[in-house]
Amino acid sequence: MSTLPKTLTLDTSTSRANPTPQPMKRLTVPRIRQRKGGEPIVMLTAYTVRMAQLLDPHCDMLLVGDSLAQVIYGLPHTVGVTMEMMALHGAAVVRGSYHAAVIVDMPFGSYEGSPQQAFDNAARLLKETGAAAVKVEGGKVLAPTIEFLTQRGIPVMGHVGLTPQAVNILGGYGVRGKSEEEARSIVEDAVAVAQAGAFSIVIEGVLESIAIEITNKVACPTIGIGASAQCDGQVLVTDDMLGMFERVPKFVKRYRDMAGVVSGAVQDYADEVRSRSFPTEDQIYAG
């Protein structure tokens with residue numbers, strides 16, 4: 001039986017949570033909506049308690065993205081993600097955070113069939129994770145589903161432009177909106193999603209002019225990823241911006257080389273184990 005995660009204050013100096021319950025002061029969906037045109041919104045992906053603890057003080061939103069398919073599970077794309085995966089990782093991120101609004105991706109196949117299917121699965125995710133909202137990919141075709149959800153109390157973040165769950169139809173992860181017809185369609189998608197009640201919209205992998213036009217046209221905040229600095233906020237896959245992978249998309253800035261840091265630390269450990277210089281008396285219980 002699933003239960004909502006307990007409210008905890010987290011000690012970020014360790015990997016363990018302080019068991020003393022404290023009042024939460026999370027950013028809410030209405031407060032995110034109010035950020036339209038204001039200070040840019042900071043969003044990153046998180047999949048685990050510890051990463052949520054580290055990101056939370058600096059972020060307005062944490063996205064439990066279906067990008068965990070590649071980052072955590074080594075899958076080739078996001079199509080293979082399940083509801084169980086999203087529920088487990090979503091609950092972990094909620095437990096590991098206290099400030100940021102947590103958004104959970106709805107996996108491929110969990111919402112496209114009908115508005116009722118989408119509601120049932122979205123309600124399950126919110127119940128099992130304690131997250132603030134769900135995110136869905138799609139435009140005009142999905143607008144009735146978004147309206148159905150929002151009218152029934154489920155906050156929805158939209159996602160237009162390059163939609164990774166549609167990789168099999170799109171044929172890859174190339175930039176969208178290069179033709180006038182496709183550019184117009186993406187703008188129409190975003191407007192339809194906003195009018196359906198989405199509280200914010202991710203714009204991914206489009207020409208900058210398209211992202212700016214959408215940001216100027218819709219009343220809700222836009223979150224760019226490979227879009228434009230003029231969006232109302234930005235999101236990246238955390239492991240990409242930390243430099244955990246050798247190959248990253250053009251729109252990623254590597255703020256650290258964490259792959260090098262981890263590799264170096266493991267090499268030092270391995271060398272010390274093989275030379276019997278670890279553990280030392282500092283790490284041994286004498287007796």
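Yeah, the Cβs are placed from backbone N, Cα and C, and that goes for glycine too.
From a predicted model like this one, the values you see are computed outputs, not experimental measurements.
The 3-methyl-2-oxobutanoate site in Swiss-Prot is built from Asp66, Ser67, Lys135 plus one of Asp56, Asp60, Asp105, Asp120, namely Asp105. Apart from Asp66, Asp105, Glu137, the residues listed for Mg(2+), the same chain places the Cβ atoms of Gly65, Ser67, Thr78, Val81, Met106, Pro107, Phe108, Lys135, Val136, His159, Pro164, Gln165 within 8 Å of the centroid of those Cβ atoms. Residue pair Glu204 (active site, proton acceptor) / Asp66 (Mg(2+) binding site) shows a Cα separation of 14 Å. Glu137 (Mg(2+) binding site) sits 13 Å from Ser67 (3-methyl-2-oxobutanoate binding site), taking the CA atoms of both as reference points.
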